[in-house]
């Protein structure tokens, strides 16, 4: 027995020596077989092309369905406009809620790799089901004859929505895990790799928008002109390529071990702290309970240093006399480690930053709603060519594709000279810049609307529900500003929720950051409801009437600009007080 312990101690000593020499990663990552990984042959940028390829193909597949889904529901399934819009928004909302399921499975049980693999397969089956429903005559309604459009049968609806919601479930395992899995390829304890990780998030978001650009242009055209069977079949093919790309890099990947249920650990801290609520927290934080060796009690997680705020939670780590005498420290519902307590503290500290992201997402939601409605009341003709108002969102994608390399290759090196920060700006500074740009975006939209309404008044078009002769291209600045705000805020969020989250909760925190998009859409709908209610009192026309020429959409845009400005001030206050996590 002694020789086994000696061999184990010798092996650990050799690994520690190799780790200190920089041969192995220092963040606890392992290879596919669970062994420590050599830096020179795994991870880093050599593993990222497979992950970025997976994300680009998956997003192309997703937007290949989402971008034109309302058209399929109205033109092929013969749904009404309201029903189709409701089905699309419900499905998209579900796509941003299911990541909570995938995140818990990844952090607690399966790890990010196997979660991505399992849910990608579900996603692919959903895509194939959707393709079959649009290709096989028996699975879709007959074409309209004049004004008579036969409704889809319950069975046809069932097959279509079964495929659609398989896709929603599939995104739940992919969206919170892929960005975190890509960042896992860079060792947090290596300064050089830490800088590269900041670049990874930029190019990760770049790959998302490349996929979105192809979908919103080429695939939408194919669906409208070549048929929906091939229009859904191509995204299904790209989803297959996404899976192939992901598995191809397996030998090069670095893996983080799942650490058990994060929800259970948070509950344990609360229960233990409540049970010991009458005890006093010792002045010396070293007296609080923590494992004696260098490894954390949580699998796959580094130890976290004690922080001074939220001392009421520290009571969960107080070692009582009874526990000391018995020597039994094994009940996590009565005694938690400092690292476990700090996990919950980190989530509480991140909460105000998370909340401010909801308002930004509400601004972002205008791109597919009020910006489009504004464009519909403008001149959409360029020569003999007519621009669909919704297609101007392409300029948002182009803006992102333009700004990502500019930010990564030009702005960051310049900012680094002034701030002395390895990434040019901290995640919090970057997000703050994005929130400021979002104020400019809404202000630009308001200015365009003011000019549009002035022209409508001058040409006596106020009472007429017709487009005003002002070019829709005047909307380009607001889309371009929104893209710049995305590059700062959304990518900053990806970095922030990865870097600042506990090691064993990274997928969960990524899912929470995605949840702001869903909540932002709900907030936008709530604001619209309130504005409509208060501005139509007493029989008034209201800011957003059916005829925008007699409404005041500019007031609505100014309202959002004002809310964004207030949100930025609250964010600045929260960010200035935010305490960074400290991991051993």
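Placed from the backbone N, Cα and C atoms, the Cβ positions cover glycine too.
Unlike curated records, TrEMBL annotations are generated automatically.
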For the feature transmembrane segment as recorded in TrEMBL, pick the matching range from 428-448, 449-469. 428-448
Chain residues outside the transmembrane segment (555-574) and at least six past its termini with a C-beta under 8 angstroms from it: 352-353, 356, 359-360, 362-363, 366, 370, 431-432, 435-436, 438-439, 442-443, 445-446, 449, 527, 531, 543-544
May I ask for the residues of the chain that lie six or more residues beyond the transmembrane segment (346-367) and have a Cβ under 8 Å from a Cβ within it? 266, 304, 309-310, 393, 396, 428, 431, 434-435, 438, 441-442, 445, 479, 482, 485-486, 489, 493, 496-497, 500-502, 505, 509, 512-513, 516-517, 519-521, 523-524, 527, 557, 560, 563-564, 567, 570-571, 574-575, 578-579, 581
Top Cβ-contact partner of the transmembrane segment (479-498) among 113-136, 228-253, 428-448, 510-535 (pairs under 8 Å): 428-448
Apart from its near flanks, which chain residues at least 6 from the ends of the transmembrane segment (113-136) lie with a Cβ under 8 angstroms of it? 54, 58, 61, 65, 72, 76, 102, 105-106, 156, 159-160, 162-174, 177-178, 181, 228-229, 231-233, 235-236, 239-240, 242-243, 246-247, 250, 253, 255, 507
Contact set of the transmembrane segment (428-448) with the rest of its chain, CB cutoff 8 A exclusive, min separation 6+ beyond the ends, reads 353, 356-357, 360, 363-364, 366, 370-371, 374, 419, 474-475, 477-478, 481-482, 484-493, 495-496, 554, 557-558, 560-561, 564-565, 567-568, 571-572, 575, 578
Residues from the same chain, set at least six apart from the ends of the transmembrane segment (387-407), whose C-beta lies under 8 A from its own: 202-203, 205-206, 209-210, 212-213, 216-217, 367-368, 371-376, 378, 380-381, 472, 475-476, 479-484, 486-488, 491
Are there residues at least 6 beyond the ends of the transmembrane segment (510-535) whose Cβ is under 8 Å from a Cβ of it, and what are they? 89, 92-93, 96-97, 99-100, 102-103, 175-177, 179-180, 354, 357-366, 369, 493-494, 496-498, 501, 542-544, 552, 556, 559-560, 563
